[in-house]
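Can you keep this structure in mind? I'll have questions shortly.
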6 protein chains.
Amino acid sequence: MNDMLAKTMLTPTSTAEILVDALPYIQLFAGKAVVVKLGGAAIDPESDRALAQDVLLLRSVGVRCVVVHGGGPQVDAMLRRVGKQPEFKDGLRVTDGETLEIVRMVLVGKINRDLVATINKSAGDEPVAVGVSGEDAGLLRVDQRDPALGFVGDVTEVRAELLLRLLDDGMVPVVSTIGADESGQPFNVNADEAAKAIAVAMGAEKIVYLTAAPGLLADPKDETSLIPRLTSAELRRRIEDDSVGGGMIPKLTACADAVDNGVPFAHIIDGRVPHALLIELLTKHGIGTMIKREANW
Amino acid sequence: MNDMLAKTMLTPTSTAEILVDALPYIQLFAGKAVVVKLGGAAIDPESDRALAQDVLLLRSVGVRCVVVHGGGPQVDAMLRRVGKQPEFKDGLRVTDGETLEIVRMVLVGKINRDLVATINKSAGDEPVAVGVSGEDAGLLRVDQRDPALGFVGDVTEVRAELLLRLLDDGMVPVVSTIGADESGQPFNVNADEAAKAIAVAMGAEKIVYLTAAPGLLADPKDETSLIPRLTSAELRRRIEDDSVGGGMIPKLTACADAVDNGVPFAHIIDGRVPHALLIELLTKHGIGTMIKREANW
Amino acid sequence: MNDMLAKTMLTPTSTAEILVDALPYIQLFAGKAVVVKLGGAAIDPESDRALAQDVLLLRSVGVRCVVVHGGGPQVDAMLRRVGKQPEFKDGLRVTDGETLEIVRMVLVGKINRDLVATINKSAGDEPVAVGVSGEDAGLLRVDQRDPALGFVGDVTEVRAELLLRLLDDGMVPVVSTIGADESGQPFNVNADEAAKAIAVAMGAEKIVYLTAAPGLLADPKDETSLIPRLTSAELRRRIEDDSVGGGMIPKLTACADAVDNGVPFAHIIDGRVPHALLIELLTKHGIGTMIKREANW
Amino acid sequence: MNDMLAKTMLTPTSTAEILVDALPYIQLFAGKAVVVKLGGAAIDPESDRALAQDVLLLRSVGVRCVVVHGGGPQVDAMLRRVGKQPEFKDGLRVTDGETLEIVRMVLVGKINRDLVATINKSAGDEPVAVGVSGEDAGLLRVDQRDPALGFVGDVTEVRAELLLRLLDDGMVPVVSTIGADESGQPFNVNADEAAKAIAVAMGAEKIVYLTAAPGLLADPKDETSLIPRLTSAELRRRIEDDSVGGGMIPKLTACADAVDNGVPFAHIIDGRVPHALLIELLTKHGIGTMIKREANW
Amino acid sequence: MNDMLAKTMLTPTSTAEILVDALPYIQLFAGKAVVVKLGGAAIDPESDRALAQDVLLLRSVGVRCVVVHGGGPQVDAMLRRVGKQPEFKDGLRVTDGETLEIVRMVLVGKINRDLVATINKSAGDEPVAVGVSGEDAGLLRVDQRDPALGFVGDVTEVRAELLLRLLDDGMVPVVSTIGADESGQPFNVNADEAAKAIAVAMGAEKIVYLTAAPGLLADPKDETSLIPRLTSAELRRRIEDDSVGGGMIPKLTACADAVDNGVPFAHIIDGRVPHALLIELLTKHGIGTMIKREANW
Amino acid sequence: MNDMLAKTMLTPTSTAEILVDALPYIQLFAGKAVVVKLGGAAIDPESDRALAQDVLLLRSVGVRCVVVHGGGPQVDAMLRRVGKQPEFKDGLRVTDGETLEIVRMVLVGKINRDLVATINKSAGDEPVAVGVSGEDAGLLRVDQRDPALGFVGDVTEVRAELLLRLLDDGMVPVVSTIGADESGQPFNVNADEAAKAIAVAMGAEKIVYLTAAPGLLADPKDETSLIPRLTSAELRRRIEDDSVGGGMIPKLTACADAVDNGVPFAHIIDGRVPHALLIELLTKHGIGTMIKREANW
């Protein structure tokens, strides 16, 4: 409503001024790569549509976006559908061969496909989304983390050439995080970690985690206690302090690792807000939590 | 004030939606050339600054802008300063050798320079404006129109390669409309006509005339009688009917010629409105008068 | 055994002569595209490994291979696993929304993945296989065939650029035949037809169908009645005569369409024979059935 | 007359031998950049025509010429015409805002234009001269020298990309030496200094000053006391000794700075001699004064 | 002596004017190909040295020269040295297998080598001459002319790619005219004819025959009866009239064929005059005989 | 016979397996350069034909072959034919001016030509062989070895650009080892040494000497005493020990020098065995002697 009101009142000139305000950001990010990690919990048709628009708009002004997705809830649903109970150990999915097959089918054959379809639908006559799995062209090489977890892998090497070529050709890669070890055996990879590894390998300018929360909260139970920015050192202290919600730890660690390995900016923003990505990149309205290596805000 | 109010009320989301609305226009014009003709009467420091921002914003999203400028009032002022009385015949400047020298100095050495400086100032660390005269690299080849008018030329050939190369290199050419005949003699060329000839030669997508009027008026004395759009045939009828203000005739003829020679869109818009160019290209708010060959609006 | 014997007896010189014999074929196909359709029934780990070697060997001598796969039996198995009975009408799968989702997961998320993994495993340190779905970058645009069949589409347009770029980059694309209509809705596409449409769009030199049969048989019940070659016209007569096994009709029609639309050679060969592809392309031993437009064998 | 006589007597063979003699010089300079500074006092229609021919001939054999011009006398004339008295302080023009505007109009809008026209006239159907001002594309970035002098700037940075691109495209840039400071404010720049800064930034092979004198004279009052060559160190000693004419000091300092900053050769030659540039570059007849860093003549 | 005198008297300015005169010719031929046929009788160390200089000078100004040579007298000498009597039939060498071997050794292994060495010696640190035989890369494909003549071939196809690539790389190809038939058998080819076929295939601007005569003479016995220019039709009439010396017929026919097949200019000039090639191309002094298709001199 | 038998027994599958075995070798050598030295004694029509096939097959799979040839026996024959007695000093040919001319004619004008013709004949419609002499484009720059030997040179510099360009264009260069000194004087160069110098300059992967022996023999008189591999240090010890046949010393020294200067592999193999080159490169059957720097076999 409030929005409607504001839009109705916009004169041509004030509309132009908003575009003018976006100019320095567009100049700043043109030609740069941004890795966008979309958590399984943040995936739903409506916000996916808004994200598709954002990614296409950013592409049209020269930002090279890579979308990396997770899919925990969707995997759980499919496992149950085929009569298997999801099993976790210290928050990590125990992944036997059958589970791996379901994980791969759901990530690559369902969630990735739906995201590609949503972006291509928005793109009209120029369908530019291309699904990629970490197994393609050796994108994600992994080692097994722990035999007790089964086919769960840690990224040891990223071959980003395929992504770079697709971006050079104007495509928008959408990545499922299944990797392979040296023998070619597929492994499930944590999507937060994989997104970070890809951002580092590509020399990305930003990594943005779209979550189902407003960002990092000083008090996990209080949505108004958002921490707008902190350094990676501060973030690591909070992780060690146990003052952050357990579910956030892999994401937060990935953020700290990303900025400590050369990605200038990491963000955790609320994927439920329509156009959150666009707002973060192209407007003065910073949203969510920003992590940098140094405190030069 | 009203604008201020609207801006104050803008939520991040409604800001994002304005950017999203601009998406189809950005995609439509990316990689296309737009020739912007700026009349001498529409030149003043403040609207030049807004125009500079517009041109740079458009450039940052891939629009290839060429600015062509006039300078009648400024030439008159300089002629008077050196003690010469401007002289006209049927609305055209009688241009003897001394006048030509002053015209050239004012257009190339003053107005063009000021526009280049204004754009480069806005562009900060990436000064991309480059002044060009019609004499450079054979850009405007002319024949004398009428010996009684002296050094007044009609464009017979355009060599647009220099402009295309500058655009390929990310530059913004600013063009003064001095041409040369086969012997190398410089001539003054009507800037409306020259802008049209350049737009046709470049295969531009649009030519936009920034004037000191809201557009084409049904009744030249009534600013509210704006004709929002018409075909080149309708426009030619109005020119023949004498129903348009005399001063507008060269510009209107140039518009009709442009669209009849392959430029899809010609516009006459109000250069006094800040960001008029941006509004015309990137928002739903059509302003001024649009001319096309066919009535497929 | 017989092979072992032969190999044991091979002198260096006779080995060299086999390589020399392959020379004219290598020269003939270098730089040309070959589309290889692998039917679901012909997929099994061992023959996939041999196919992977063939594709990589061909790639190393400059042949640009695209692998297109089906997966009927595998889809049936998954449907049954989630408690759904496969349903067919005139030999075509009735595909409701739920079925489509399973088809897509099995083709894109399982069979395609397994083929990519098998090729990359063979390729060692240069993993070149890349999975592609018909939805990626608008590869397969379709229209619905018949509302009674649900989400079953006919290919109306192929955008082969993505495949051509991947081939230019030395990749081996593995294609699942899910297409999308104008609204972005995914559809199941017959893989034989899709392979043909891709071969035509790419200007392929050959299309090769790897099946679980020796080729086209004069008497479908007699494996020794192989027809080694025939023209597309002869093939169409046989299809109309009902003298071919019903299950072969889509494949045979695709072969006739391919050669009538500019693909010089179509082959139906026995995917159960190890290295059948290599034998067909690089040796004098023609195997299976070859279809050409003219009878210039 | 003497020349006429010589030409009449030339046999085809002796003509050929002159061309043959030019060979090593042409090979030496092909692909190299040469910056030619033309002083205001050396500008007149006839010697400009000869210079235009020289520049075009050199271009046709692959020498990349940039012409930089001054214009002191012409500026003085225009100032007087608009009723302003030229004012100098220690040999430098005191440049208030109004003076700057006149300087810019005369340099960019008159002298530069005339040189461009003269070259393009000589070039016939391939008009390759392009006027450039130091404000274009950030070519000359300056700082104010001394508030007491007004808008007089010292070059702090040269962005030579525009010149290099124009040369790559076969153009001949003609440069007026108006620079801009960080705020975009234009400044008058000494043309001798600007030419040197450009030559250094471009990695030029030579800088040639065309003056209204035979070169550096041991005795400024005796035209026969030409010093044919000296090192930059010797030149700096003479400057400190006050043994050179005061008017020559900026030019001589620029020569010494050029060779000490990597330009292999600096020359001061007599612009009043027709084809002086060609003679200097392509014949054995060294003319004027040559400055190098080391005495390896 | 006379030349010495002229040279002594040359002022710098008149030297410059000769260079200036060469300008339009240099512009005309830059980037164009010129085929120079050097007859065996015109080969001697001194004029070869002058030719080498000419070819290198022309190359340094962008002319793409191909040198084609003959070698009749040298072949005769070698044949006699190994005890074989040269044998001719209607002016054509009867070429048995042994003769062919000697022809090939003398042309490719001696004359070609000497020319390459002479050019590379002149070229100093940039040795750009490369020997080529008509057998290399299929340059000259031939059919046998007449079994009675043995291995004498007529050119049926020219593959000029090798020459074009060498020229693109800045090389100067020196061509011996041994061709090969479809079976790879080498054949002796008339060098006048081969030069013409190469010029046509390359789209050369000129073909120049360097002979031991002043050009085409109206009276073969009178060296002063030079015909400075004629059309190919006029030339063909003279050939049919028997009014030309018999030895000239292959060369004259080649000239007529060249201009009738798209080579704008053919010339027969005196290879004994030092720098004859340079004089013909770069000065006003036309020498020898020029043949064009139309009489538009 | 035995071969015939083996071939007759080959099933399609075993044929395919031989091709599959070649895969890792093809991948290993694709894009790499291999220099093949063919000794004069190993030249005869039949083994040349097999070598031509090998070189073309290797080229078709991306190996960049350069053939370097000798020609001692053929030079001796020609010298005798013109009545000159071959003369040697410490195993090196005493080369006066007349001998040099014969050497050059035989190498460049006969042996090189015959090899080019043989390869082009095998290559059918794509004649890719190009003859090159060390004098072309400065390929082999030499100094005189010893005045007493006359025109015998040692390689001091290799300009491999011509070879690299020809290889880039898909050509197969065939090199005669005549070099030139700084004055352009041609010299005879030992072909073993020249091949090594070329391999080093090109950064070749392998140098292969095709000789009329099975390789390096422990006992020069016993063909069964083949040493299959040794390091360059071991090889140098054997040379110093005088335990190798004198005629082999230049070749063995060249092998040691090649691997000590960056060529990974040097081979001495039996040029009399048909397809020896192919067997060495593409099969598991190592033949002859392999030299490497380190003993990492």
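Each Cβ is built from the backbone N, Cα and C atoms, and glycine gets one as well.
Not my notes, these are from TrEMBL:
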- C:33-270: domain 'Aspartate/glutamate/uridylate kinase' (DOMAIN)
- C:Lys37: site 'Transition state stabilizer' (SITE)
- C:Gly71, C:Gly72, C:Arg93, C:Asn188: substrate binding site (BINDING)
- C:Lys251: site 'Transition state stabilizer' (SITE)
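Could you place these features in context, so I can see how deep they sit and what lies close by?
Counting only same-chain residues six or more apart in sequence, the Cβ atoms lying under 8 angstroms from the Cβ of C:Lys37 (site 'Transition state stabilizer') belong to C:Val68, C:His69, C:Gly70, C:Ala191, C:Asp192, C:Ala195, C:Ile207, C:Val208, C:Tyr209, C:Leu210, C:Lys251.
In this structure, C:Gly72 (substrate binding site) is part of a helix by DSSP. Spatially close to C:Gly72 (substrate binding site) yet at least six residues away along the chain are C:Gly39, C:Gly40, C:Ala41, C:Arg93, judged by Cβ distances under 8 angstroms.
Every protein chain shown contributes to the tally, and the Cβ of C:Lys251 (site 'Transition state stabilizer') ends up with 25 other Cβ atoms within 10 Å.
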May I have the list of same-chain residues other than C:Gly71, C:Gly72, C:Arg93, C:Asn188 whose Cβ is within 8 Å of the Cβ centroid of the recorded substrate site, in sequence order?
C:Gly40, C:Gly70, C:Val75, C:Val103, C:Leu107, C:Ala191
Take the Cβ of C:Arg93 (substrate binding site) and count every other Cβ within 10 Å, whichever protein chain it belongs to.
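So the number of other Cβ atoms within 10 Å of C:Arg93 (substrate binding site) is 21.
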Around C:Gly71 (substrate binding site), how many other CB atoms lie within 10 A of its CB?
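Its Cβ has 24 other Cβ atoms within 10 Å.
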Count the other Cβ atoms sitting within 10 Å of the Cβ of C:Asn188 (substrate binding site), across every protein chain shown.
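Around the Cβ of C:Asn188 (substrate binding site), 26 other Cβ atoms lie within 10 Å.
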So what's the mean pLDDT when you look at the domain 'Aspartate/glutamate/uridylate kinase' (C:33-270)?
94
How many Å separate the two farthest-apart Cα atoms among the substrate-binding residues C:Gly71, C:Gly72, C:Arg93, C:Asn188?
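The substrate-binding residues span at most 12 Å between Cα atoms.
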